Amino acid sequence: MAEKKQWHETLHDQFGQYFAVDNVLYHEKTDHQDLIIFENAAFGRVMALDGVVQTTERDEFIYHEMMTHVPLLAHGHAKHVLIIGGGDGAMLREVTRHKNVESITMVEIDAGVVSFCRQYLPNHNAGSYDDPRFKLVIDDGVNFVNQTSQTFDVIISDCTDPIGPGESLFTSAFYEGCKRCLNPGGIFVAQNGVCFLQQEEAIDSHRKLSHYFSDVGFYQAAIPTYYGGIMTFAWATDNDALRHLSTEIIQARFLASGLKCRYYNPAIHTAAFALPQYLQDALASQPS
C-alpha cells in the first residue's frame, strides 16, 4: 500500500503536528494568504492558512460554540453582533442560532476565503450565509472598526495567529477601534492562542486591552486541533459583573434560548473563566 502524503504544520520551529492527507480539495495562494483544504480520515476536512491549521470538521464546534455562546449569553440581550474574520462561516452559524440577535455583520479581508469555504466547508456555515440578518463586508478589520458608524453589543474577533494578515488584529489600533464601536456594556472576545505555548501572546493582549477596557480577562477550552493545552480567549468589557454571572443565571438564559450544543453548557461557561496558575502568575507579574 502506498504511503499517504503528510501535511506538516509550521507554527512552531522545534515541534509540531502532522495530518495524513487523503485528498487535497483546494490549494491556492490568494492575494493575502496560502490556503489549503484537504481530507483526513480522523478530522474530516481540514483548512490551513500559511502552514497553520485553522479549523477541522471534527472539532470546530468546540471553538465556535465557546466564542459565541459565552459572550452572547453573558450579555443577555445582544441585538447587534460584529464578527471580524470568520470566513468559514461557522462563527456566523452559531450566532444565527440566537433568535434575539437582529443584525450580524462579518468583516473578512479576503473574499476568496468566503467563496471557497462555501464550496468546500459547507458543514461549517450550514446555510448561515443566507440568513437575512447577515451582512458581509470585505474590508480590513482594523480599518472597519475605526471607520464604521455602526455600533455593536458583542464583537467576536475570529483572528488567525498574530503573524501575516492576522497580526493587525492584535494591535492597539484594533482594540481601540473595537472599543469605539462597542455599545455601553458590550463585550469583546478574541482567539488568543494556546497559552502554555503562546503565553506572551496572552500577556500582550491583556496589556493592550487594559488600556481601553476596565475588565479584561480570559476564558478557556480544550480543542484537540490546537495542540499544546488549553486555548485561551480574550475577554474585554466595561461591565465586570458579566464575567462573574452565576451558573443559575446562565442556565436560565440558556434554557430560554433553546440552544442545543455539543460542547457548551452553563457549567462549562462559568468554569471556563478559571485559569491555570501559571497564566494567572504571568498576568499578575506584568506592570500595571
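Note: Cβ is positioned from N, Cα and C throughout, glycine not excepted.
Over in Swiss-Prot, the protein carries these features:
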- Asp158: active site, proton acceptor (ACT_SITE)
- Gln33, Glu108, Asp140, Gly141, Pro165: S-methyl-5'-thioadenosine binding site (BINDING)
- His64, Asp88, Asp158, Cys159, Thr160, Asp161: spermidine binding site (BINDING)
- 9-238: domain 'PABS' (DOMAIN)
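The structure, with features from Swiss-Prot marked on it.
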residue	record	Cβ within 10 Å
Gln33	S-methyl-5'-thioadenosine binding site	20
His64	spermidine binding site	25
Asp88	spermidine binding site	26
Glu108	S-methyl-5'-thioadenosine binding site	23
Asp140	S-methyl-5'-thioadenosine binding site	17
Gly141	S-methyl-5'-thioadenosine binding site	26
Asp158	active site, proton acceptor	27
Cys159	spermidine binding site	22
Thr160	spermidine binding site	18
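Straight-line distance linking the Cα atoms of Glu108 (S-methyl-5'-thioadenosine binding site) and Asp158 (active site, proton acceptor), rounded to a whole number, equals 10 Å. Rounded to a whole number, the C-alpha distance linking Cys159 (spermidine binding site) with Gln33 (S-methyl-5'-thioadenosine binding site) is 13 angstrom. Residue pair Gln33 (S-methyl-5'-thioadenosine binding site) / His64 (spermidine binding site) shows a Cα separation of 22 Å. Note: the Cα of Gly141 (S-methyl-5'-thioadenosine binding site) and the Cα of the residue listed as 'active site, proton acceptor' are spaced 11 Å from each other. A Cα-Cα distance of 17 Å separates Asp140 (S-methyl-5'-thioadenosine binding site) from Asp88 (spermidine binding site).
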